[in-house]
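> I have a structure here, written as structure tokens, and I will follow up with some questions on it.
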Ligand SMILES: Nc1nc2c(ncn2[C@@H]2O[C@H](COP(=O)(O)OP(=O)(O)OP(=O)(O)O)[C@@H](O)[C@H]2O)c(=O)[nH]1
Ligand SMILES: C[S@@+](CC[C@H](N)C(=O)[O-])C[C@H]1O[C@@H](n2cnc3c(N)ncnc32)[C@H](O)[C@@H]1O
Ligand code: SF4
Ligand code: SF4
């Protein structure tokens, strides 16, 4: 069994696969004007997804996260889950969603094989939620989170992007929520994208401000597991939930990078912030192409940089994270 690795000793057992660029929300930090079709070819088909996941699995991938755009907008979303679940040696199937279809479909997706779900909830104040996401659907999304908790997922995670002057007063509400609810909260530092330096400068808030408050209130940093990615995780004996921080501007953030990304049109991205993606689609047309596809992945990994270059203001081709799945 092969294992994808780079020149810095990092192993890649986690694929973040985008299945669509389309989204029905207008998050101010991501798609402030909503999704605009670009007239390019369509998104990966079920067969192409099956070939892709099969090759990654053979190259050592154990976890697949389905993302987008909004992945649940795909009519064949449950089929996508099933195709991955049918792939031997993939042991974790996760997805990241804005949660708008969750209330209705949580059980169906669980039955198809989905085991972890991340729901983006940027504020627990419905008006602020509307202001940030452009959608007045707070109650609907929260009912979706409850449906996910009831459906039996092994992990339900809440993603919130930290935004100065928007949701920076929300921490007490989030803490209150996870006191008796077994949710993982994930606070993500705003990352600069091609969309705009002005927004970044107005709203970026370092995750260290949250970390300092957590440590002062009795939370402790969990030891890092061998399979863990770049988040720092915290727990507290009085809370059922846990908290993770993604702080991409901190030193050594990329040391534990364990993930690769494939865009909805089949391009491999070695980092969230790269110059361009490598075309894989020509090798997703039949199972016989698998050895060639794996060889291409192995070669490309040797080009992976040690770290992103965000500090120098280099945001790569990533106009917004919806185009690459975050
Ligand atoms: N810079 C950077 N940001 C990341 C990375 N992984 C996740 N993020 C950020 O965190 C956001 C939320 O990620 P999710 O899709 O919910 O996945 P996650 O919780 O980080 O992933 P798991 O490690 O699978 O739990 C992403 O959309 C990115 O904004 C990474 O490797 N590098
Ligand atoms: C691109 S979205 C795709 C999945 C789904 N539509 C959702 O919102 O959960 C994945 C994650 O990226 C995060 N994200 C988007 N733009 C970001 C940015 N500029 N900085 C940090 N996180 C961002 C979102 O908050 C979301 O949790
Ligand atoms: S963060 Fe997710 S829900 Fe919000 S606009 Fe981007 S893709 Fe859509
Ligand atoms: S910024 Fe790039 S290299 Fe760093 S952890 Fe994220 S994907 Fe990996």
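All residue numbers here begin at 1 and follow the chain in the order shown.
Each Cβ is built from the backbone N, Cα and C atoms, and glycine gets one as well.
All TrEMBL annotations are machine predictions without curation.
Note that the structure is predicted; figures quoted are calculated from it, not measured.
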> If TrEMBL says 254, 257 bind [4Fe-4S] cluster 2, which of 95, 271 does it name for the same site?
271
> Taking 16, 211 as the options, which does TrEMBL list with 65, 96, 157, 259, 260, 261 at the GTP site?
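Among the candidates, TrEMBL records only 16 at this GTP site.
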> Based on Cα coordinates, which of the following binding-site residues are within 10 Å of residue 259 (GTP binding site): 23, 29, 30, 120, 271?
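Near residue 259 (GTP binding site), where near means Cα within 10 Å, the binding-site residues are 271.
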> State the Cα to Cα distance, in Å, between residue 27 ([4Fe-4S] cluster 1 binding site) and residue 69 (S-adenosyl-L-methionine binding site), rounded to an integer.
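Counting only the Cα atoms, the answer is 11 Å.
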> Over all pairs within 16, 65, 96, 157, 259, 260, 261, the annotated GTP binders, what is the largest Cα to Cα distance, rounded to whole Å?
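For the residues that bind GTP, the greatest Cα distance is 20 Å.
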> State the Cα to Cα distance, in Å, between residue 29 (S-adenosyl-L-methionine binding site) and residue 157 (GTP binding site), rounded to an integer.
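Cα-Cα, rounded: 20 Å.
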> Filter the binding-site residues 30, 120, 261 down to those whose C-alpha lies within 10 angstroms of the C-alpha of residue 271 ([4Fe-4S] cluster 2 binding site); answer none if the list is empty.
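Cα within 10 Å of residue 271 ([4Fe-4S] cluster 2 binding site): 261.
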> Sort out the sequence-distant neighbours of residue 254 ([4Fe-4S] cluster 2 binding site) for me: same chain, 6+ apart, CB within less than 8 Å of its CB, listed by position.
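The list for residue 254 ([4Fe-4S] cluster 2 binding site) reads 230, 271, 306, 307, 308, given in order along the sequence.
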> Of the binding-site residues listed here (23, 69, 120, 191, 257), which is spatially closest to residue 157 (GTP binding site) when Cα positions are compared?
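For residue 157 (GTP binding site), the spatially nearest of the binding-site residues is 120.
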